[in-house]
Amino acid sequence: MINKKKLVTSLVTSSLLATFTLGSFADAHTYIINNEDINKNAQESSIGTLKQNNFKQSTIDSMKPRNLQSFQEDKVFKAPKEKTPITERARKSENALSNSKLNDVRSFTTVNMRTNENERTAAKLKYNGKNTNVWVADNYITDKQAKNIGEEFDNKIDPLVKEKFGEPSDVDHDGKVNILVYDIKDDFETTGSYTGGYFHPRDLYDVPHSNKAEVFYMDTYPSMGTDKNNLNEKKVYSTLAHEYQHMVNANQKLLKEQKEDGMDVWLDEAFAMASEHMYLQKPLDHRIEYYNNSTSIANGHSLIKWNHRGDVLSNYALSYLFSQYLSAQSDNGDKIFKEILQDPANTSEALENAIHKHVDPKMSLGEFMTNFRVALEKKEATGLHGFNGAPGLNSISPKPVRELPQTLAPQGSVMFETTSPIKVPKDKDEKVNYVKVK
């Protein structure tokens with residue numbers, strides 16, 4: 001006999017009444033509902049009532065003071081509407097980054113994440129390497145640390161990302177990328193979340209506020225630690241791999257393919273975190289931890305709507321796990337990332353093309369994403385409902401929803417438990433799929 005409190009919830013215009021618990025229990029019947037719509041701009045599909053709240057902050061508050069990295073964000077910037085190429089005159093300017101030598105000072109346009117305003121940040125060139133320049137605008141970073149960052153990029157990160165994703169652009173014709181190391185102004189002190197780094201596509205064009213070169217921006221505090229007198233530059237190496245993927249992605253989509261916008265953000269971020277995973281050669285535990293604790297994910301957070309409900313950290317967690325599921329299911333492993341990136345089709349079509357080639361020629365993208373949601377719960381060693389035994393992913397632990405919503409956003413999903421089997425309602429929306437997992 002079950003003694004726990006029960007919740008009776010109406011599903012889809014009273015076509016189904018089921019008894020749900022407020023927590024897990026023995027001999028439960030477990031179901032996953034997924035909205036298989038792959039159009040991120042589509043209307044939500046009907047299934048029940050959701051009282052929305054500040055899921056992101058409630059999740060952060062419940063996790064403090066755990067792994068700080070769980071709250072790291074990567075600011076996403078859209079490509080500029082005007083895409084004026086950088087001119088030879090701009091490249092030859094005495095203030096161009098490409099015309100710099102060691103210990104030169106240049107002024108960069110940076111973004112204040114608190115206000116979203118542009119600012120000027122003066123930085124000194126502290127490493128002039130084969131493939132990268134490291135600029136420092138933080139008195140707590142030593143010359144040795146700047147050199148360590150540059151050498152790690154030149155020797156490990158650069159060849160890895162080029163092999164797995166492709167080549168960066170070279171808009172200033174110097175064959176290098178620039179890494180600006182400074183304390184990004186973010187909301188860490190007030191919310192606990194912070195910006196670990198960013199890449200801005202405007203830098204690839206001759207437009208207002210552009211730095212007219214390949215630049216990505218790396219945070220010192222708190223990304224390298226919360227003791228400013230003892231910062232650890234190694235903590236941002238994986239973020240370097242993350243941001244570099246964004247730069248390579250932008251080169252492919254914006255410059256080579258001449259697209260108005262780049263790859264859909266959710267998949268671009270998935271690839272960036274896959275880049276981190278490959279560099280570290282281990283799972284991103286902080287993303288798994290956030291997934292396991294996320295109130296918004298339990299309540300139907302969308303995989304493909306970026307910053308859904310204002311909880312971008314849940315999107316990072318879902319995108320990361322999707323990248324690992326995709327490579328686990330593909331018959332060519334992580335080579336599938338580069339293949340998708342270099343497919344000129346739109347994001348959904350490129351993904352489905354790769355799934356047809358490397359997973360199942362008859363499976364739709366929506367069906368693949370439903371299998372992904374099931375895999376998060378079942379984690380089977382082989383087959384569609386797991387990660388093929390990939391180490392470290394068995395710690396994934398989705399939470400059952402406490403109250404079923406009436407609607408799910410495109411690629412939103414919930415898991416729920418009942419005391420007895422249910423019948424799938426006949427009047428559910430067409431793209432809503434129910435799967436019994438236990």
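Glycine residues also receive a Cβ, built from the backbone N, Cα and C atoms like all the rest.
Annotated signal peptide per Swiss-Prot: 1-26, in sequence order.
Marked as Zn(2+) binding site by Swiss-Prot on the basis of sequence analysis: His242, His246, Glu269. Listed in sequence order, the residues of the same chain lying 6 or more apart from His242 (Zn(2+) binding site) and placing their CB within less than 8 Å of its CB are Asp74, Gly196, Gly197, Ala272, Met273, Ser275, Glu276. In three-state terms derived from DSSP, His242 (Zn(2+) binding site) belongs to a helical segment.
Per Swiss-Prot, active site is recorded for Glu243.
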Quiz item: Using Cα coordinates, what distance in whole Å links Glu269 (Zn(2+) binding site) and Glu243 (active site)?
Solution: 9
